[in-house]
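Here the structure comes first, spelled out in structure tokens, and everything after it is commentary.
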Amino acid sequence: MKIMILGSGAREYSIALALRRVDKNLEFYFAPGNGATESLGTNLNLKDPVVLATYAKEKGFDLCIVGSESFLAEGVVDIFKQQGLAIFGPSKAAAMLETSKSFMKSFLKKYRIKTAKFLNTNDIEKAKNFIYSLTPPIVVKADGLCAGKGVIIAKTHEEAIEETAKMLSGESFGDAGKLVVIEEFLDGYELSIFAVCDGNDFVLLPAAQDHKKLLDNDQGPNTGGMGAYAPSSLANESLLRKVQKDIILPTLAGMKKEGAEFCGVLFIGAMIVGNKPYVLEFNVRFGDPECEVLMPLIEDPLELILAATQRRLRHSKIKIKKEFAVGVVCASENYPYKSSPKSEITVNNIPENSHISYAGVSLEDGKLMADGGRVLVCVGTGKSIEEAQKNAYKLCDNVNFKGKQYRKDIAHQVLK
């Protein structure tokens, strides 16, 4: 079976690793991939969705899995389907749940799904009036995709107005910020909840928790994510039932009414306030680093993806292992401020019940080099969260490159 995976991070690497676990004969092609994905398959220097679809058809690919949201925003799923190709991910219209925050918020309001009080606007005067109606802190979001960096939490009314003006002028995020979403701040705890959907039905995956801040104890600047763990004991059965009834089902029904059936991964960034789930954001693909801790917990991820793509989730028996996973991101020394010089990665040995998912790496003269940002993720699994964490950090100690930085407290929320 020939499978194309679109993206270049640890998320895409972890998907291939998980699929290889259930079928050693799979052939992988990554577009564009990274220096480590070459050890799992073939990297393709292709990015244009039309070119990718043509190539996939010519080479007789059986399945394409979209890892990165940028491909979804370009309508890669629609293009592949027009060619009669099997692809896992939502259409361009359905992907607007992530690619346009204003669309997402209006959708939530229309279908009465709990979310923070908000205003979508491109008018600074309307923005000011709404900002002064809120009690700080105040959340200001750029409408479009900003590589996970388009959200500001302002401590004062004045800061919120200043950040809104910078977005609307194009100074902060270019065209992505020329429409903004201003929100009340919700005070609770965040969970990442994933549902794999086929338009009508869904399979709920274990709830994960991401760690956005660079430093221990949730200090320092925001990042793309410094680690994750799953399942989270903070997501009790009662809460997950509410998420299914009050968020996932009305979202699938609503998207169908909008003429954009949702097939793929619905990633709910949820804020839990008094055991009630509110939608902070939707993403329409696996999170990174959450994907790296979810993949080891799915008994047969290939069957899950195929069942969703073929719209037969209702009849598919997807099993989740009774295990835990912890993923610790090792980042380059200057992350997230600026790029760092390349340096060779050495791995002394990989202990049992652990593995590495590679992201910001390149291959030079047969050597794997740390090449920017989040370099790799050390993943540990175990029968308890304590065991999984121990295995992840044992692996971390065996991985070295110049300036390696990582958090020492991943999963602290449930290990206090």
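Glycine is no exception: its Cβ is also placed from the backbone N, Cα and C atoms.
Listed in Swiss-Prot for this protein:
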- 131-192: ATP binding site (BINDING)
- Glu281, Asn283: Mg(2+) binding site (BINDING)
- 105-310: domain 'ATP-grasp' (DOMAIN)
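Spacing of Asn283 (Mg(2+) binding site) relative to Glu171 (ATP binding site) is 25 Å (Cα to Cα, whole number). Asn283 (Mg(2+) binding site) falls within a strand segment according to DSSP. Its Cβ placed at the centre, Asp187 (ATP binding site) has 9 other Cβ atoms within 10 Å. Annotation note: Val139 (ATP binding site) sits in a strand segment as assigned by DSSP. Glu163 (ATP binding site) sits 20 Å from Glu281 (Mg(2+) binding site), counting Cα to Cα. Within 10 Å of the Cβ of Val139 (ATP binding site) there are 20 other Cβ atoms, across all protein chains.
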